[in-house]
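Annotated features, as they stand in TrEMBL:
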DOMAIN    43-475  domain 'Major facilitator superfamily (MFS) profile'
TRANSMEM  105-123  transmembrane segment
TRANSMEM  135-152  transmembrane segment
TRANSMEM  164-181  transmembrane segment
TRANSMEM  193-211  transmembrane segment
TRANSMEM  223-243  transmembrane segment
TRANSMEM  308-325  transmembrane segment
TRANSMEM  337-358  transmembrane segment
TRANSMEM  365-385  transmembrane segment
TRANSMEM  391-412  transmembrane segment
TRANSMEM  424-444  transmembrane segment
TRANSMEM  450-470  transmembrane segment
Amino acid sequence: MENSSSTQDFQGEPETSVDDFVPYFDSVFERFIGDFGWTQLVQSTVVLLSRFFDGQQTFISVYTDAEPTWHCTNHTATCNSSSCEVSNTIISDWGLQCANSIVRGLPASSFFMGCLLGGFVLATIADSSLGRKNLLLLSCLTMSMAALVRIFSPNVWICSFLRFVSGFGRASIGASALVLSTEKVGSQWRGQMGTIAGVSFALGLLSLPGIAYVNRNFSWRSIYVWTSIPAIFYCLLVHLLVLESPRWLFLHERKEEAMATLKTLVSRKHDSLDLSFPCIHINKETAKPTLYSSITTLFERKWALRRLLIVMLTGFGIGMVYYSMPLAVGNLGFNIYLSIVFNALSEIPSYIIFSFIISKWKRKGSLLTFATLSGICSIMCIMNWKEINLGLELVSYCSACVAFIMLMIYTLELFPTCVRNTALSMVRQALVCGAVFSPILISAGRTNKMFSYGIFGMVILCCSVFVVFLPETRNVNLCDTIDEQENKERHVPN
């Protein structure tokens, strides 16, 4: 293992892959599983379906926690049914019409705070003891069960706590699903996994207006029933059908299971698989990982820490726009059902654009381009152009969607398998961290859009410029260990 200072400060910028004479797992993996077969399609689709339920629970508060379109007739400290009209959200259910904005926004903020904490707590588990599949199952089950139990909430405080638990569980779904799906396909199919993940999330968001409209004359609790019960059945599907990542199995010296998984995934029979697999090189640095070994590795290696800080900062800016735009559409004065439909539909072309550019554009250039476009359009929303404000908001959101998925793919290519899920989880928490401030900014933006759309745009513009300091990763094979990553990049000219 290299321990020299040159290794610690390594900053190589790979443009193409380098094949070492030692048969690393990636070379064998690409040779046998590079083609995309039906088994891989089914596995990827089932795994990434988790993003559908993720999208529902992330934006469900748009309807369940909506501000009433009416106001109190008796402005006292406490509202009741005799002084206010009846509605079907938590605002009227618990008499929060006259409560301050912090209390009214507490359930939504609690969800994102749970996401933030859950991401940091669960980030390393998928790379160490639990694995990708088990963490995905645990996260989905926690999120959906907390959502279902929320229908029994007696007050806003219990409701907010359960939203916090739901957010805590939801925190690792995106990272675990994306890593698990991309580690079962060849390098040329990574971008398509990001596209499927994004479309699945968009469909989840798109389903919300229909569910909310059907239940508009019923309690907000019915929306949680409609979204949580299917998610619980999905968890059973994951348990029965989904295979663990062969890369993760191999790194944890479970070679027989890894080989069995590869045989299941390959699109055609390879008689040489049994012969080549035992000869694959395994680096001892990951032979016995501890719970927090992956995050320790990221902080010990200066080049890894530098990359992590840059992608997290970029994620913070993108997350502020990505999560805030659908939540803030009410500030534009449009129908809340149609506005969310338009936002959800705008994600579809964003993933079509992503599928087109993923194999043709470099990662840095495309990420910087769409983040900049998103920021400019967001700032322009502060103008009183009601006729085109929704169009600007949709372009900003669509661009943020492209930047979001590009950042996810870029991050998993920047780090080796032994720390990949941890790095991706931390980037997702940076994205969520940007969303934590959304309810406050959206509330302030009701009187002055500069405090919402203006800040959203400036933050994403300022945070995304640091991408220029990252190496390019397009068409680069994935590495499995830190030493393998450093050894490969030392042989590649800057």
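Backbone N, Cα and C define each Cβ position, glycine as well.
Long-range contacts of the transmembrane segment (308-325) within the same chain: residues 58, 112, 298, 343, 367, 371, 374-375, 378, 393, 396-397, 400-401, 403-404, 407, 410-411, 414-415, 423, 426-435, 437-438, 441-442, 452, 455-457, 459-464, 466-467, 469-470, each at least 6 residues beyond the stretch ends and with a Cβ under 8 Å from a Cβ of the stretch.
Between the transmembrane segment (391-412) and the transmembrane segment (105-123), the number of CB pairs under 8 angstroms, six or more residues apart, is fewer than three, so the stretches are not in contact. Beyond the ends of the transmembrane segment (193-211), by six or more residues, the same chain brings 44-45, 48-56, 58-60, 62-63, 174, 177-178, 181-182, 185, 223, 226-227, 326, 337-338, 340-341, 343-345, 347-348, 350-351, 354-355, 358, 401, 404-406, 408-409 to within a C-beta distance below 8 angstroms of the stretch. Packing against the transmembrane segment (424-444) from elsewhere in the chain are residues 101, 105, 108-109, 112-113, 115-116, 119-120, 122-124, 126, 171-172, 174-176, 178-179, 295, 298, 308, 311-324, 327-328, 331, 404, 407-408, 411-412, 415, 451-452, 455-456, 459: each is 6 or more residues past its ends and has a CB under 8 Å from a CB in it.
Counting Cβ pairs under 8 Å that are 6 or more residues apart, the transmembrane segment (105-123) and the transmembrane segment (365-385) reach fewer than 3 and are not in contact. Confidence for the domain 'Major facilitator superfamily (MFS) profile' (43-475), expressed as mean pLDDT, is 81.
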